[in-house]
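As recorded in Swiss-Prot, the features of this protein are as follows:
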BINDING   575, 576, 577, 578, 579, 580, 581, 582  ATP binding site
COMPBIAS  1-10  compositional bias 'Polar residues'
COMPBIAS  20-57  compositional bias 'Polar residues'
COMPBIAS  201-241  compositional bias 'Low complexity'
COMPBIAS  320-339  compositional bias 'Polar residues'
COMPBIAS  353-372  compositional bias 'Polar residues'
COMPBIAS  376-388  compositional bias 'Acidic residues'
COMPBIAS  818-831  compositional bias 'Basic and acidic residues'
COMPBIAS  1095-1107  compositional bias 'Polar residues'
COMPBIAS  1143-1177  compositional bias 'Basic and acidic residues'
COMPBIAS  1180-1194  compositional bias 'Polar residues'
COMPBIAS  1243-1256  compositional bias 'Basic and acidic residues'
COMPBIAS  1266-1284  compositional bias 'Basic and acidic residues'
DOMAIN    562-730  domain 'Helicase ATP-binding'
DOMAIN    928-1079  domain 'Helicase C-terminal'
MOD_RES   323  phosphoserine
MOD_RES   383  phosphoserine
REGION    1-57  region 'Disordered'
REGION    185-252  region 'Disordered'
REGION    317-339  region 'Disordered'
REGION    353-388  region 'Disordered'
REGION    446-465  region 'Disordered'
REGION    816-839  region 'Disordered'
REGION    1088-1284  region 'Disordered'
MOTIF     681-684  motif 'DEGH box'
């Protein structure tokens, strides 16, 4: 039996199984057991073998004493350094060097099903291999020997070599010689071709090295005695001729020696009677098929066929799990992994001599040692100089201002300014007028409870209500003064920019708060020559690539950036998405490079756009040396070390927001680079001055800061000041403490503090002051040839499974609404209970959205009994053998049907539990897609399919597989290194029809202009997210008309979300807060809609109010035209909820997790404050081509001068973008919109829709906004902005 994983065939395997060799005349010389040519000590020094304690002539190679000769070297085992005697038997040598210690059976192991079993061994006798008689190699009747074992016939003895005195090997063992012939002593003959030529491992190691390693030390000392260290047996040597008949073997070209040895080993474990040469011959005949050879040999020696059971055994036990499972077809073409890192793909080699001669010499900007080093105490001061001391105003003057304000303000204004309840401000004003602030400070609230005793029994005096209000007003007023002071400073700086642009012949209009210079026509060819300002650059930089041609508005943008840079100021480039902001920035870098400004510069981008930036920089300006600062922690450490040691020289360093802010080492490295220009892509990430991201990035030193954003500036004083503080940090250092008082103020239950901050006068001044620092152009202004964008709403119906699930959660929401109404007045006093109920309410809203999407997002098909059986069955899998069955069952309980289906497809033991009959096709929206997608594919359209939920993307993958439509996918879990590869794949492979994207990860910063259809499978609470997704296709480079299709499920929560997005209120909301705040507010508004519908007996609510001052109220309309058929489909009426804390984990996240919490309080108060209660009555639609959006009775009114609400005073002069909503094939009424102001700023004109033209459509009623007198506020919102 063969030893496991050994090369015992180092002798037997090299025999030429042929009788063609001539017979020798004489045996080897006396006492050698070998022919004289192999064993003559006179010719070759020493005997080739030595006495061994191992049985049957296997030499104990560890004992040393062996000498190498040119003939016997080939019989060494080079793998185990084992030198066997020439005719060693096929058995295990437990004493050989490097042989496995566990293999100590005389005949090795029998391997059956990968488990070793000993084979019966020979009965050891003391006379074995001692060979006291010359011909006693192995006796013919050895006990314990398997029947049919070859070579048990005594071997005749020939002549002896007197110089060879080995007492143990006087005779030839089994199969070593032909017992019918004798071999004369002769010199070595020429080597012959080996039957297994690959045994000589010339490819893996040299023969000399193999020989030197396998031979004992004495052999190495006498190496010079052999001219040829490795040879093959002589041609005329018949010692290699076995008793078996010869078989011509095909040449072995693909089977390695080790593989053949393992095959022989495995076959003989089943059929030990088969001779080794017979096994090898059979393997050669079957082309080295182990199972086929075993089948032949087992039938010959065992009279049974072992091939069939062995084949089944190997297939199940040795093959991968996937081979035992059904093959599931997939149309997924997504790139799975990258071949190179981002740095390897985009790092640039040093420029050649030609390019270098055109550019100025590289100079590295070094820090000044004399300057103050930034420490942890002053890390939030961006300037390296000592910050100026904060100068406070005269306290007496501030007190007089506050006193006058208290004596003249209304209760609501005082409540907003002091952040106190409205009832407290009313009580204070009942005692006015006040002569001094001391009189106001002593006013107490009648319900004030005396303070509790302290530890030592003393009572702490609580501040009276009046003193709290006075202190809060003084802090707020001081913040107002700081803002006014900053606005005055910014106006002074802005005048410098205005003069510089005036030198070009451009007259600025300061009314809109932003520049909108479009083309070169407004720039005179010969502007006034002013040495204080740079000249207008009329030609693009020469270092730009030859195939890059800047448009006129882009060249204007480069000049504007250059002007700000020369004046040592900063700015915000806020062009609409798709207008080439990246190209303008690269051209600006190229212009600086031509002027000798090598930086270093920094570009901070979102993770999803990192590779796109690197590609654009390399494409637009190859002369720039760009270094990506991205990778693992060790890779970044290597980059830092190389840069600090000046081994890497760069002009631009590109990194991500996450790396620039999260890790301390990264922050410290970037902080000390002393950048010249810092560019922040998606600059709206920096609107929250209290976020950690803002603070860390403010710490980066830079001479010029540029924010890029497609998001418009908003009528939010906190955001405007935050952006100003970021781009002009030196100016804001001394006033930040005063500003923090305003920023940290929390809204009350009665009113939002922003209602006091967002006065018309201050907003107007702030935006006027920011005008020179903000450049924004819109698509309709610069791209007259941009294809139009068509909006289509596809109405879908709930399937039976969806309807059942939806009604269940709608009923649950109704019960929660009733419980909340009972405890409405106690919510503010019992926060813990309120928090718990609100979490459930938010969970129900999420479940309603999921039910409107697909039933497989829930667990219905897999009941508890089936899950228990599945948990039991999966325990048979290898990776679950040691798992806890109960834990597995509990994990399965929280999984959806589709997640369980995918789990079943992954394991052979669960194949029977997979879903049958394609239930993923059973959904209202999927039915619509089933009709749309094949038609679009035939037309050659390419589709972007967005969804908020990653689980929904999983289901859509299965749908596309069923429809045989190829696709790629990108979501928040996609590796950053692969994202650009997937985008490139979609661009290049035109046969890929669909691109699946999550709205968060795929809706920002990527260019997919090769697609002409955008399908929004579900809508976001934040309408701006959907607009961003649309602009992935409707952008520069698009040559086809773009169609945007929204899938809306009738009579569900999605109708409310869509109606919210179509109102001016929603647009105001989207422009007055951060992204997370927008989702929070949107969710709260939808909840209020549902609440109003339920409270009004299922009547449709109506928004009324004064559009001009941004105030809205809620009223219920009884003009509902809902039919019985509609109520049947709707099921249980929806009940809204106002959660205190809603945590959403189901949404598909992009580079950040969406962990959104919204806190709301509801308290009924009295007063003449205005209501801000949002619900929706319905949406007007019209088939006339001139109708655009829901009607607004006050849409033609001019805005008032004062806006005290938190909503934007919209610009009604914005040019519209042509957008047409066509009628769908489903028979649903849709809207045709002409001249809809659908730009990103949310400036939406709402033309009047005549009553006579309003169609009678189910679930769609008019939205009216009208003025009303202020009423009591019944519902207030406490929105704590989540950190960016």
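Every residue, even glycine, has its Cβ placed from backbone N, Cα and C.
Features recorded in Swiss-Prot, as mapped to the structure shown.
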{"residue": "575", "record": "ATP binding site", "contacts (Cβ under 8 Å, 6+ apart)": "557, 581, 584, 710, 775, 776, 777"}
{"residue": "578", "record": "ATP binding site", "contacts (Cβ under 8 Å, 6+ apart)": "710, 779, 1007, 1031, 1034, 1035, 1036"}
{"residue": "580", "record": "ATP binding site", "contacts (Cβ under 8 Å, 6+ apart)": "551, 554, 1036"}
{"residue": "582", "record": "ATP binding site", "contacts (Cβ under 8 Å, 6+ apart)": "612, 613, 616, 681, 708"}
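Most Cβ neighbours within 10 Å among the binding-site residues 577, 579: this distinction goes to 579. Secondary structure counts, DSSP: the motif 'DEGH box' (681-684) has 2 helix, 0 strand, 2 coil.
Each of 710, 1035, 1036 belongs to the same chain as 575, 576, 577, 578, 579, 580, 581, 582, is absent from that list, and has a C-beta within 8 angstroms of the C-beta centroid marking the ATP site.
Counting Cβ atoms from all protein chains shown, residue 576 (ATP binding site) has 23 others lying within 10 Å of its own Cβ. Confidence in the domain 'Helicase C-terminal' (928-1079), given as mean pLDDT, stands at 82. Cβ neighbours within 10 Å of residue 581 (ATP binding site), excluding its own Cβ and spanning all shown chains: 22. Secondary structure at residue 582 (ATP binding site), as computed by DSSP, is helix.
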